[in-house]
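Visitor: Sharing a structure, written as structure tokens. Questions coming.
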Ligand code: HEM
Ligand SMILES: [Cu+2]
């Protein structure tokens, strides 16, 4: 029906590259949390950043998302999901840090 | 530690011997169950029930089962409600007839049942029956997943029902806030019943949402552009998007609470770095969109009913579509209004207060659109129209009290009072339940081939609406008089008169429920007189009225060509309905399967075992569930072919019937 390319058309290189990146992005936060090499605050930020990068790696290397290669309505759906996730997570962080500030600082 | 085969399940803990009322509830539940089993056995209908209904993948049958589940749970939820009303009418300076522990279970189960096991299955059932027909499709996108959703929902409902017989239900309210719902304060099985009932059915709801989105986006008939879809399809799409994005939040939140309770983690404890406010935050990230999941489909039903029974095209179709989508998006931006009193800073509270008031704007747009559709229409006062008119007036009142509550300073006074209880019932009863009942009376002939008695339908409406005002207007007053919600007893004499009026209101609603039961029985008895031979009893305007009543398994022998918003109305104007096609073609239909029932059954065993900490059984059930799902995915013969000649026979019979009807 639609002409979505099948997985066979993608190079093994991209899958393997994605795999290595995903492993790295998993190892880094675990390592940081286990060794406490950085101050607590920086660890939290690093874990968050690694998670975000992980999402992008998955979308790009495994789901083959590309700004030009993917149909616009799919991009729209992903953008919509991103907005909602941003609202939920961003809103939660805003609310909970605001509460933390008022209770403990 | 001693290992026990049955976890913490012992006869002493399990049996409801703590109050006579609880024993009575258990007996009624068991008798009801036996009555259903007994009736089917007595009629010798097990094979029929199993092959035609329980294992069916036909979206119409699955939908009907959903609605039946919803109606049963409505009865159970209402029994809870009238018990609470009776308790509060008497409990001035006395314990009434319910011990506190039992009263707390009742409001918890009432809220849980009404939201998860009455409203959700009701709307899912109506969507299942109607939406594929409205977009000119032959089934939903994933018929087997549809059956899995149904049986997961039923498994969740089963867990709530069995908690009345084996053990107890939660006393932590339908929201299950920690720390009270944590293991420290609530070591029994009640909260676990609540958690697993919600987990199991919540996954079913997520799957339903996915199914409806894909159906609407991929299965529309030729010419059915998005902007030609009936409004019910639009509100279903919006509601399904909310299901897919909001329900995971609930699943995660209750899963974290389960981890706290079982493995002594501390996501939401007071100590060890936990934060109970984060539970409340996460719960309402799901909770507020949930309100719109319940209400939007009803909005779609009202839109269809208004247009059909005013015999007019819907006024402001585009504005209704945009308003629906705006509500869907905005509903994700207001959740903090459920916990203004947490004490966030003025900036946070102001943001969420204003966002809440903004939602009232698209909702107001809709109300004006419905009014303008009615204006100068040729109105037929079918019961569905009465539910709609009652909704427009009553919902507007509830909306205004909502805007009041959206002001943080006002909310500080009203929070957790009966004013809030009045407000959300004022939204949910007219805004959701009346809509489902309107849909039930409107589409009943489509599902079963005969109409419902209109006199009893109208009586039901008048009892419900007057009972509603009697039961809930006093609660607004009581809120101003300082009465908190969830009170088992009180010592303020001035509260009693309004509470007695509220109890009378519940009695009037009971009469309304009796009318609904009588309507159903009387209509079944006189069904031969009320056959719907055309498939179009109300001079409908949308495609579901083009099919036979009840529709053939494939709905449409030939997919319709859509040229207009009111697709069927436009065909009628062109004189292009019920045309004999040049030739018929074979149609592939999903084959029945018991796998859905099996998966639901395993989910039930899993939930029950997890509640009682029977871990070996929980693990076995989970494995069996996964194995059943995997085995099904290897099945290649999931469809069967209905041949063109069989289809021709069915369709010719229908065309003859239509011709005979015209001759009369
Ligand atoms: C049919 C008539 C109904 C009556 C007479 C009724 C009555 C009540 C009563 C007396 C309470 C307890 C109020 C308190 O805490 O003081 C209650 C709570 C509640 N009701 Fe209803 N109700 C009805 C229908 C519904 C419906 C249709 C829904 C939802 C779709 C619903 C959802 C709830 C919820 C969520 C709660 C809060 C439970 C809690 O406190 O945890 N009710 N209702
Ligand atoms: Cu809300």
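Including glycine, each Cβ sits where the backbone N, Cα and C put it.
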Visitor: Taking B:427-448, B:537-558 as the choices, which stretch does TrEMBL tie to transmembrane segment?
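Guide: From TrEMBL, the annotated transmembrane segment range turns out to be B:427-448.
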Visitor: In TrEMBL, one of B:460-479, B:560-579 is tagged transmembrane segment. Which stretch would that be?
Guide: B:460-479
Visitor: Should anything in the same chain at least six residues away from the transmembrane segment (B:20-43) have a Cβ under 8 Å from its Cβ atoms, list it; otherwise answer none.
Guide: 49, 83, 97-98, 102, 161-162, 164-165
